[in-house]
C-alpha cells in the first residue's frame with residue numbers, strides 16, 4: 001500500500017483500494033491453486049488471459065464503486081468484455097460469475113449476487129482513456145499472467161491518478177506492506193547501497209520485456225557482480241521498495257508500447273519507500289497521456305544514491321548501441 005504522507009483527502013480512496021485488492025487477491029489465490037486449461041484463454045494479441053484476470057477486475061470495479069461514492073468513476077484497466085460476449089464463451093463467463101459471487105459471499109461485506117450481464121458491465125467500466133484531467137483508477141487485474149499460470153509471481157496492481165499524477169497505490173505515510181491475513185502493516189524502505197558493485201538487479205522474466213544483451217552491458221559498466229533476478233509482474237517494484245534488491249530496469253524491444261497499468265502502482269510504491277523511478281533520460285514517468293506510458297527508451301527504479309551512476313551507464317550503453325547499428 002502506498003500514498004503520499006500527510007494527504008488525508010485520499011483516505012477513503014486508500015481504504016477502498018486496500019479492500020478491492022485484498023478481495024481480488026482471494027479470488028486469484030483460489031484460481032491459481034486449482035487452475036485448469038479451460039480457465040485460460042488467448043487474447044487477440046496472443047497473450048494469455050484467465051478467469052482470474054476477469055474476476056479480479058470485476059471485484060476491484062465493484063468495490064471501488066461501492067466504497068468511493070463521490071465524483072464520477074473512471075478506470076483505465078487491461079481487460080474488457082469483448083471476448084466474453086462472443087459465441088462459445090458462455091462456459092468461461094459462467095465460471096467467472098461463480099468465482100466472483102463465491103468470493104463476495106465468503107467475504108460477507110456486500111449482500112449482492114451478480115448476474116452474467118452485471119459481470120460484463122463491470123468489466124467494461126475499465127474502458128476509460130485516462131488523461132491529464134480528473135481522477136482515474138488504473139488497474140492491472142493480474143500483472144504477470146504467464147507467471148500466474150506457471151504458479152509463480154504475479155501482482156494485482158491498482159493506482160489512482162489525480163490530474164495526471166499517481167497519488168496512491170495498492171499492490172499487494174510512506175509505503176507499507178500488509179499480509180493478506182490482516183496482520184498489521186509494516187513500514188518498508190528501499191536499500192541504502194551506494195556502490196553498484198554491491199547491488200543486485202531485477203529484470204523481467206519474459207525476454208521480450210527486456211533486451212538482455214543491453215542490460216548485461218549496463219551491468220558490466222556499473223560493475224555489478226550479482227547475476228540478474230528475473231521475476232514476473234510489478235512484484236519487481238515491490239522487491240525494490242522492500243530493499244530485497246537495489247535496481248529494477250526494463251528495456252523492451254524497440255516498438256514495444258508500455259501501458260500505464262503496468263507501472264502506475266509499482267512506481268509510487270518505490271518512490272514512497274524512498275526510491276526514485278525514471279526513464280532513460282532521467283525524466284519522471286508521465287501517466288497523463290492516456291492508456292499508454294510516454295517514456296524514453298526504458299524504465300529504471302532504484303535508490304537515490306545509485307540512480308546517477310545507473311543513468312550514466314544506461315546512457316553510455318544506449319549511445320554505443322546506436323553507434324553499432326549505424327551504417328558506416
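Cβ coordinates come from backbone N, Cα and C, glycine included.
Fair warning: this is a prediction, and the values are worked out from it, not measured in the lab.
These come from TrEMBL:
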- 78, 140, 142, 143, 262: Mg(2+) binding site (BINDING)
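Distribution of TrEMBL features across the structure.
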| residue | record | Cβ neighbours (10 Å) |
| --- | --- | --- |
| 78 | Mg(2+) binding site | 23 |
| 140 | Mg(2+) binding site | 31 |
| 142 | Mg(2+) binding site | 30 |
| 143 | Mg(2+) binding site | 27 |
| 262 | Mg(2+) binding site | 21 |
### Query
Beyond 78, 140, 142, 143, 262, what residues of that chain have CB atoms within 8 A of the centre of the Mg(2+) site's CB atoms?
139, 141, 144, 145, 155, 157, 233, 234, 259, 261
